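Colleague: Pasting the feature list from TrEMBL:
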ACT_SITE  Tyr121  active site
ACT_SITE  Asp151  active site, proton donor/acceptor
ACT_SITE  His239  active site, proton acceptor
BINDING   Asn19, Glu48, Asp151, Asn153, Asp238, His239  Mg(2+) binding site
DOMAIN    16-239  domain 'Endonuclease/exonuclease/phosphatase'
SITE      Asn153  site 'Transition state stabilizer'
SITE      Asp214  site 'Important for catalytic activity'
SITE      His239  site 'Interaction with DNA substrate'
Amino acid sequence: MTCRSSSYVPADLQLLSHNVRGLNVPEKRSRLLRDLRSSRVSVALLQETHFRSGMAPALKDSYYPMGFFSNYTLSKSRGAAILISRDVPFMVEAELTDEGGRYVFVRGSILDKIYTFASIYLPNKKQHSCLARILRVLESFQQGITVIAGDFNVTLEPQLDSSTGSTTTPAHVLRSMRRSLHDHRLVDLWRALHPTERDYSFFSPVHLKHTRIDYFFIHCHNFALANSIEIAATTWSDHAPLHLKLQSPLMIPRDRQWRLNVSLLEDPPIRAELHAVLEHFFKENITTDVPISTIWEAHKAVIRGFFISKGTARKKLRDEERRTTMSNIRALEL
């Protein structure tokens, strides 16, 4: 146990929820999978895939080989999906889909923990009756730690979750939805961790209004597992993705094996600097009292340190540019 704790560190489950507004176009599927890889998403819960039952294109790659889909039988609309990364040792126990394309549930284990993941897409009318029906089905299916994500097409707290502070959703619909969530002891994670903040996941060009209608829910007794949740920038879909970090039984090596980023060798200034570093190293260290084999092994460490330094600097610059771009996009949205 001591060896394990010293060699490994805890790893969060990185969950994403995103209304993708249709994935029948190959470029959109490729873009989604690239985004999932770059964000190191463990489990992706998607809505509005728009796959028609019996005619659905493939949505997987070597990084996300496992997928569960609920496709509408009548048209290319609705649809929900759950994708699981190859880095997550998820053992499937059961899955449940809806012929109406409103939800998909999957239950399984990650090491010694049981998880139930649910991706839900509610209609834009009578959301309360649809939610109540789905939660009743989920109640008999779920086990362990249940994570619910989806587009609910409603602002549960219009005063905070709408840029106008109001909603056209009937009051009885909101009351019924809140009651259903309360009866099932479900917590709106973003609002719980951002109690007074305003942020939005969707902009309606028709009503010229920003709203937060995309959610992550978890049972109240598992609320402490949530480390953070953020609404990201809206990019290629009309909804913003939500990112949730959840404590998990996963562990990762404290020190990962280093691999050379070969793209650094293609950079002429870096090659020139490396040549100068090695020239200086050998000039300072080749002496008659030090075996040449020792100098040779030492020079390998110098090369490794040089490339680690350059690779880290390049990654920091790239991450900073990405954060700045996303921050600018979010500022324009708000």
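Cβ atoms are placed via backbone N, Cα and C, with glycine included.
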Colleague: Pick the one among the recorded positions Glu48, Asp214, Asp238 whose Cβ has the fewest other Cβ atoms within 10 Å in this structure.
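Modeller: Counting other Cβ atoms within 10 Å of each of the recorded positions Glu48, Asp214, Asp238, the minimum falls on Asp238.
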Colleague: Take the C-alpha atoms of Asn19 (Mg(2+) binding site) and the residue listed as 'active site' and report the distance between them in angstrom, rounded.
Modeller: 8
Colleague: C-alpha of Tyr121 (active site) to C-alpha of His239 (active site, proton acceptor): distance in Å?
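Modeller: Taking the Cα atoms only, Tyr121 (active site) lies 13 Å from His239 (active site, proton acceptor).
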Colleague: Under 8 Å between C-beta atoms and at least six apart in sequence, can you list the same-chain neighbours of Asp151 (active site, proton donor/acceptor), or say none if there are none?
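Modeller: Set apart from Asp151 (active site, proton donor/acceptor) by at least 6 residues yet with Cβ under 8 Å, we have Asn19, Gln47, Glu48, Ile120, Tyr121, Leu122, Ile213, Asp214, His239.
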Colleague: Taking DSSP as the reference, which of helix, strand or coil describes the residue listed as 'active site, proton acceptor'?
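Modeller: DSSP assigns the residue listed as 'active site, proton acceptor' to strand.
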